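Colleague: My structure is below; once you've seen it, I'll send some questions.
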């Protein structure tokens with residue numbers, strides 16, 4: 001295929017990718033959007049395979065790689081549980097990073113295939129772009145491996161901190177810069193691999209101080225990096241499609257990181273410096289600091305069922321704890337029974353519910369909760385005032401009014417769901433432990449709050465049983 | 001002014017014009033290789049920045065409910081890096097480059113297929129009330 005034709009094909013693919021993202025503005029158009037993305041990718045691959053100079057041997061090799069990788073990818077995508085989605089995405093990011101490293105290496109050892117010079121005599125500008133793509137790709141790889149290990153529980157979610165950590169990272173960053181400059185000046189293969197090694201180490205060191213609960217930000221950030229890595233490679237080999245797609249993905253990941261940070265009222269710097277939170281979040285002992293307060297009111301599932309049976313408007317507030325207990329299905333059953341009793345049910349989702357952006361929406365959709373019953377914080381917050389019941393399951397910090405009133409609180413300024421304004425608030429919790437921010441929730445002690453102690457799934461099941469009576 | 005004077009003036013003006021033209025030609029000659037080197041990069045940079053803006057506006061329009069599928073899709077499309085990998089596998093003479101290309105094709109394919117498939121699975125679950 002002539003050069004012009006393949007460039008044209010890449011242009012079509014870029015437009016299709018933009019349309020794929022555009023489709024996600026609404027669940028109804030999203031499925032078609034995904035299809036556009038697939039078609040775009042198909043066109044890009046076909047156009048590349050049809051370029052002049054592609055030997056039969058090369059094409060066979062490429063098809064073999066596509067078949068092997070495609071089979072593995074399809075199997076992974078079909079088998080993964082939706083609760084493990086964040087791990088899968090982190091693992092996928094690491095692969096993009098590694099692919100970027102290998103493409104950079106291929107361009108370094110065979111620059112003539114990409115028209116950027118000859119082995120040992122590559123254009124300086126291309127070397128700059130190559131080292132950028134290489135470094136970002138390598139950081140994406142090792143950073144994503146750590147994020148995967150933390151999310152998958154293969155490694156403790158608690159932050160790993162040591163003295164002089166940030167100084168070490170800054171020094172390594174400066175060293176990386178020096179290596180890049182030397183590499184551009186000399187084009188030495190040893191420096192190429194040193195840049196790769198140093199970037200691997202840097203990616204690893206950048207992510208280990210970040211706590212398990214901050215992983216939503218990290219996953220979004222690595223999503224962004226994988227885009228910038230693709231764009232860097234695009235500049236290296238002068239490919240328009242890689243540049244456009246890299247920019248789209250980079251922007252997308254950056255926006256998601258911003259949304260996640262805003263949902264926690266933390267700056268990205270604060271998240272990156274790390275040291276916040278642990279994996280389980282039950283750091284504070286049960287009942288800590290409760291001595292001088294009114295006793296909490298604990299209720300039985302039967303009490304809750306009775307109150308909800310007579311309620312008109314019920315808002316369910318699910319948190320990650322619900323997903324851990326695998327309670328989403330039974331929550332939906334409870335909602336169905338209450339709808340039969342004439343109640344209006346909606347779900348309120350905090351931006352940082354779940355372990356990646358939008359995770360909770362997927363988990364609820366999987367349990368057959370219609371998406372038009374699920375609302376974001378800004379949409380639903382005003383409605384708590386008219387609600388008879390707020391059913392908080394597996395969430396804590398995101399409902400804590402201290403975020404609005406207590407300037408000394410670790411979560412001060414974080415947007416919260418105003419469950420306190422509902423007539424009755426149910427908290428389904430295992431015990432009195434505080435959330436991952438380690439802050440007491442004064443809501444537990446309010447007269448309109450009833451605590452339902454126990455496993456999220458079991459408690460909800462018992463409510464379902466009493467509703468069926 | 002007599003015709004002779006006018007002729008002299010005209011001659012000197014034309015001389016100066018010729019000189020200027022010669023200067024311009026020399027400038028253009030020195031500038032050409034620089035422009036040729038800078039132009040493709042500037043063009044790519046322009047495309048890159050424009051695409052950043054497009055991405056910014058399109059992604060803010062994505063409904064928050066679909067942020068997980070958004071990550072799935074962006075994951076899949078960022079593997080368009082496979083284009084570079086295919087070029088390396090198919091065009092490179094060096095066996096090292098061919099091998100790197102092949103590994104990159106395989107890794108990126110896991111992502112392409114995995115990313116689009118998992119997104120499809122997610123999106124299939126989003127249903128409206130009563131449907």
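Just so it is clear, glycine is given a Cβ too, placed from its N, Cα and C backbone atoms.
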Colleague: Using TrEMBL as the reference, determine which range in A:168-185, A:222-239 is annotated transmembrane segment.
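Modeller: In TrEMBL, the transmembrane segment feature sits at A:168-185.
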Colleague: Which stretch does TrEMBL mark as transmembrane segment, out of A:6-24, A:272-290?
Modeller: A:6-24
Colleague: Could you tell me whether the transmembrane segment (A:168-185) and the transmembrane segment (A:88-110) are in contact, taking contact to mean 3+ Cβ pairs under 8 Å with a sequence separation of 6 or more?
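Modeller: The answer is no, given that the two segments have fewer than 3 Cβ pairs within the 8 Å cut-off.
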